[in-house]
Each structure stands twice: as C-alpha cells, then as structure tokens.
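Shown next, in structure tokens, is the structure this report addresses.
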C-alpha cells in the first residue's frame, strides 16, 4: 500500500526492515485524557490510520488530542509489525499501516506469571495485528498505549479497517451523507466507486424531476443507463447498446436488462433498431 505523501516517514508496508523502535522512559506521561473528569464509559472507540494519529495535535500540554476537531481517547488501528523491542516493563512494537509509523507499547505486569504478562514479544516482525488502546504523548512524541493486541488472520480485515477509518473521517468532516439526510436513496454509491462509470452521481444531479420520479423503482443499473443516455449528445437517434456498455462499464446483459426496466417505466424508447434507445421526454 502506497504511503500518503506530505513529509512523513516513508514506509515500506509489506516489506521487512525498518528503524529500531527504541526504548521508553518510564516517567510520568500526558495522555489523551486530562483532569480525570472522564471515565472509560464516556469514551468511544474510533478507527484510525496511523497518519491521523501523527497529524493530531495538543492545544496545550495535557489537553485532549483530537482528530477532525473531535477529541479522541480510545482508538483501534491495524498495521504490520516492523520491530519488537522487549523491555522489563513493556514491549514496544513499531507498526506500519502504509500511511505512517507509530510505536505501540504493551505494558506487562511483572508480578503475573501467565504468558500474557511477560516481556517476551508475542508478534514477530512482518505480522499484521489489530490494536486497541489510547493515544498518548510524552515529550512531544506520540505512541499508543495498548490495552489489547491480536494477530490478523484474514487480510480482508486490513482493507475493511481502512474503509471504516475513511468513513469515520468523512462523517466528522462532511457530516451525514446527503442521501441519509434526505431519508432515501439518492441514486449514488456514497463513498464507493462506481463500476467503470464515475460520472453517475454528477449525472444524477442534472436529471429532471420527472425522470427521478419514474426511476424511483429502478435498479442501480437502470439509473446508470438512464443518466448516461440523458447526458450524452445522441440526439433523437439515441445511443446503441455497445456505446452504453462501453461508456458505463456495464455488461451487455446488464444493459439489456436495464433497458427492459426503462422501457417498462416509459422513460426510454427504441429508435433505429431494438438495441438503440433514446430518452422519452414529455
């Protein structure tokens, strides 16, 4: 996964090697929670990328750390272990998620003898892990204090997490998606990319009110076909099956099925042959 640019440490996500995680001074720390006025029950878990954690700033020493203008305490992140540095009281893992690098410290209880509470690294370099913890800052350097770390067995979890972090970011920066705010389907695909036809949402914005009403019961493919024809200079002759399939990325079978829907709703009609359609304006 490529690094997002902008002056951050260049990572080698998916590869071996990297900088040493280094030690940790066991002095007092400033966490993401100030004043002791909050409890864990007040915190919400936020999926994040490491770059988001690197970017967030303290307004003043001891202040709440925030992302997108929202204070954060509990976070979850995924990444590949680059280094593991065991010490007497903790194990420091350096994680790389393709956006930046971050130290994750798992504290151990020396008085407990079980396997989960010793300073031996549980995760070797190259292992993909999910972390739950709190973002902390000490002497201007951030790290995550881990409550729990586990290995990732299915790489789909990595992709899912990045989508979830993206959704959370858009929610806090852009607000509720318009189609949800309107209480219905706006005909677009929200944060996901259309199959081969990136202009669907823009086209839908220019569709007439009457057309939208007639498309209310249509499938996504029918809407894509309608919008493509409606926004293409085809004149009264309309557009042929092959042009529509090529321009929208739909298969021939999908175009024919969509055409049957649109014909049934009375919003298109055939012109020079049975595989050429134009918009029926009335």
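Placement of Cβ uses the backbone N, Cα and C atoms for every residue, glycine included.
Note that the structure is predicted; figures quoted are calculated from it, not measured.
Copied from TrEMBL, the annotated features are:
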type     : residues : note
REGION   : 18-43    : region 'Disordered'
COMPBIAS : 26-37    : compositional bias 'Low complexity'
DOMAIN   : 75-143   : domain 'OB'
DOMAIN   : 169-275  : domain 'Replication protein A C-terminal'
The domain 'OB' (75-143): DSSP-derived helix, strand, coil residue counts: 3 helix, 40 strand, 26 coil
Integer mean pLDDT for the domain 'OB' (75-143): 87
